[in-house]
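J.: Just dropping this structure here.
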């Protein structure tokens with residue numbers, strides 16, 4: 001039995017489809033989406049960096065979120081695009097582990113950053129007079145630092161226990177990228193430790209942040225209901241609308257994936273989830289925050305005017 005416990009040097013990814021015409025269409029669709037993601041999130045980072053009026057706690061976290069989205073989508077999408085043009089879709093063992101590590105790091109960090117942003121919105125609505133005191137630069141950097149640190153440590157542990165699994169020569173992954181559950185299913189040894197680690201990981205980077213977000217918004221809703229004027233309620237809600245939309249998308253898909261019975265899960269569904277997080281949410285996040293945020297739109301106009309005046 002021990003002699004058969006071998007590790008492969010590369011994996012073969014089955015991808016979304018074997019039809020070349022569909023692959024060509026997906027290459028264009030995913031390529032355009034990827035470019036829009038880089039452009040949108042890059043613009044958000046640029047605006048927040050250049051405009052002093054956006055040097056506020058909320059935009060500090062938004063800047064981190066945009067950096068996470070740029071890195072997350074770049075960790076998998078370029079490979080997907082390349083595989084659409086290849087007959088044999090392979091990925092080396094080392095590159096597979098690297099891809100898994102960055103995907104888990106950035107995914108976990110995003111969930112934790114969203115929880116930090118929920119706390120920021122809670123303070124803004126429920127304790128507005130002390131907002132600048134409570135959400136100090138030190139606290140903001142601390143929350144962001146903890147988000148990144150926990151994301152990295154969680155990813156390192158999960159990647160290590162996943163990539164150590166022997167596959168006994170099996171190397172075909174029915175997926176578009178290296179993903180934890182797909183790799184674990186390929187193992188030919190006991191996976192109890194992996195199941196424990198996956199459960200612990202989902203608690204740390206999903207359930208706890210989701211609970212904190214829910215608690216924050218429960219207090220926010222209670223505070224908004226106490227506001228007597230309709231205009232005041234609308235203004236308070238608009239303060240949280242963009243973040244609430246992003247949270248609903250991100251946590252909603254994750255909870256749907258992890259809370260459903262294992263017997264109903266499928267490889268095709270796993271692919272949809274990966275594509276949703278790698279392409280859809282990173283592209284939509286900057287649109288949601290820019291289209292529904294007067295400060296971001298005003299900053300964009302100021303940058304354009306400044307560039308126009310400098311040329312004249």
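A Cβ is built for glycine as well, from the same backbone N, Cα and C atoms used for every other residue.
The domain 'G-protein coupled receptors family 1 profile' annotation in TrEMBL covers 40-289. According to TrEMBL, the transmembrane segment annotation covers 24-47, 59-80, 100-119, 139-157, 196-224, 236-260, 272-291.
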J.: Are the transmembrane segment (196-224) and the transmembrane segment (272-291) close enough to be called in contact, which here means at least 3 C-beta pairs under 8 A that are separated by 6 or more residues?
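T.: Result for the transmembrane segment (196-224) with the transmembrane segment (272-291) is no.
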J.: Suppose I define contact as three or more CB-CB distances under 8 A, residues 6 or more apart in sequence; do the transmembrane segment (139-157) and the transmembrane segment (100-119) meet it?
T.: yes
